[in-house]
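Note sheet for the following structure.
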Amino acid sequence: MTDNNTALKKAGLKVTLPRLKILEVLQEPDNHHVSAEDLYKRLIDMGEEIGLATVYRVLNQFDDAGIVTRHNFEGGKSVFELTQQHHHDHLICLDCGKVIEFSDDSIEARQREIAAKHGIRLTNHSLYLYGHCAEGDCREDEHAHEGK
């Protein structure tokens, strides 16, 4: 918990119980790409009395402070993940919503080449690749929203 206290203070945020609990849930392996609603449900399951409006407010504060990264994958629902030191891209299944993170040096190099060719110096980018799971009908997969 001390590390979370330090992280909040370093981000310029006051240490509060809702912020600590939300940060704790975001650090769980099963909550790598989580919506505000799913995070709220997890807090309820933990016996925490933190309202949905508070969850949204804290996630927006975390996004502004750089603690989380907001993604707007296909379907319009925002999902959040803890901001990571290493850059990665995402593969998203349009059927089940599964999100797979990947890194590929050749893709990164090609993006820099294209930007340079057009006179742009990249400072940031996001790559989302959408498709369908090769395993067939994955819509019933109960683990569909786990980040891998």
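Here the Cβ of each residue, glycine as well, is placed from N, Cα and C on the backbone.
Residue counts for the region 'DNA-binding' (2-84) under DSSP (helix as H, G, I; strand as E, B; rest coil) come to 46 helix, 11 strand, 26 coil. The region 'DNA-binding' annotation in Swiss-Prot covers 2-84.
What Swiss-Prot lists as Zn(2+) binding site is His33, Glu81, His90, Cys93, Cys96, Glu101. Other Cβ atoms within 10 Å of the Cβ of His90 (Zn(2+) binding site) number 19 in total over all chains.
Taking H, G and I as helix, E and B as strand and the rest as coil, DSSP gives the region 'Dimerization' (85-148) the counts 13 helix, 14 strand, 37 coil. Residues or ranges marked as region 'Dimerization' in Swiss-Prot: 85-148.
Annotation for His125 (Fe cation binding site): spatial neighbours Gln111, criterion Cβ-Cβ under 8 Å with sequence separation of six or more. What Swiss-Prot lists as Fe cation binding site is His87, Asp89, Glu108, His125.
Swiss-Prot lists His118 with the feature N(tele)-UMP-histidine, giving experimental evidence as the kind of evidence. A simple way to gauge crowding: the CB of His118 (N(tele)-UMP-histidine) has 7 other CB atoms within 10 angstroms, across all the protein chains here.
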Nearest to His87 (Fe cation binding site) by Cα distance: which of the binding-site residues His33, Glu81, Cys93, Cys96 is it? Glu81
